[in-house]
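The structure appears right after this line, and notes come after that.
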Amino acid sequence: MSVPKIVLFYVFTPLADPEAVKLWQLNLAQRSGVKGRIIVSEQGINATVGGDIHDVKAYVRGLKEYAPFQHADIKWSDGAGDDFPRLSVKVRPELVTFDAPDLIRVTEHGVEGGGTHLTPHEVHELVERRGEDVVFFDGRNQLEAEIGRFRGAVVPRTETTRDFLRELDSGAYDHLKDKALVTYCTGGIRCEVLSGLLRNRGFRDVYQLDGGIVRYGEAYGDRGLWDGSLYVFDERRHMEFSLSARSLGRCVQCGEATPRYVNCANQQCRRLFLCCETCTGAGARTRCADCVPVAA
């Protein structure tokens, strides 16, 4: 019986020959039988792949045979069976596209100058100790935060990761420079960079949630400071940490709570938006708010 699994991981470490690592990763993934997205750069590797549990384990074993990746923090989750339509392995200038390659220095120890890493338990201790002085700062895009976020979190106005530099330089968050900022994202990689960019701009007390929302959910589920669902970058689109998770997202058609994203039916758009199963099943127009007047 097939048991589908998905793994998420990243490693910041200098790679002298990203093209060679790309070819090795392509061969390893194909040989193991996994699909997903793998990004390689001079800064390291960032990947989300899935498949049958035996295939995924074979991939992880092969990955850790390469010394720079042997200590990769592998985050496991349940898959649905066909979570990735294909395998993509690419070389890019940055592991995460902040458009700031010259502002980031990576050594064999990771990203230099980033925020202090905190485990989920240490985050709770910080909140207990400093109360309202602690501010959660979302390192994801607005779309992702619609269905789930930390309670009271600041969610920057971003459509892509490239928008963060513009947002930070706008001065809109300067009033938080004396706060204890806890940055968070899905698995932790975006906050490795974002926390450093914040510190470079005068934010003095910056932290990052080690392992991201995924590790927090494993530790506390829906019993802690997290509310809602977690947006994920595969065919599932979202995952929950318990059956009692409360959805924060709202269907654009009827306003009911839903974590369900669909693509706009307008072929010139295809933007993701929230639409519940009832509205989709009832044949309601599955177009985003911007495209409702546009014929599909």
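Note: Cβ is positioned from N, Cα and C throughout, glycine not excepted.
Here Swiss-Prot flags 130-225 as domain 'Rhodanese', drawing on sequence analysis. Mapped onto DSSP classes, the domain 'Rhodanese' (130-225) shows 39 helix, 19 strand, 38 coil.
Within 10 Å of the C-beta atom of Cys185 (active site, cysteine persulfide intermediate) sit 24 other C-beta atoms, taking all shown protein chains into account. Annotation source Swiss-Prot lists active site, cysteine persulfide intermediate at Cys185.
Taken together, the residues of the domain 'Rhodanese' (130-225) have an average pLDDT of 97.
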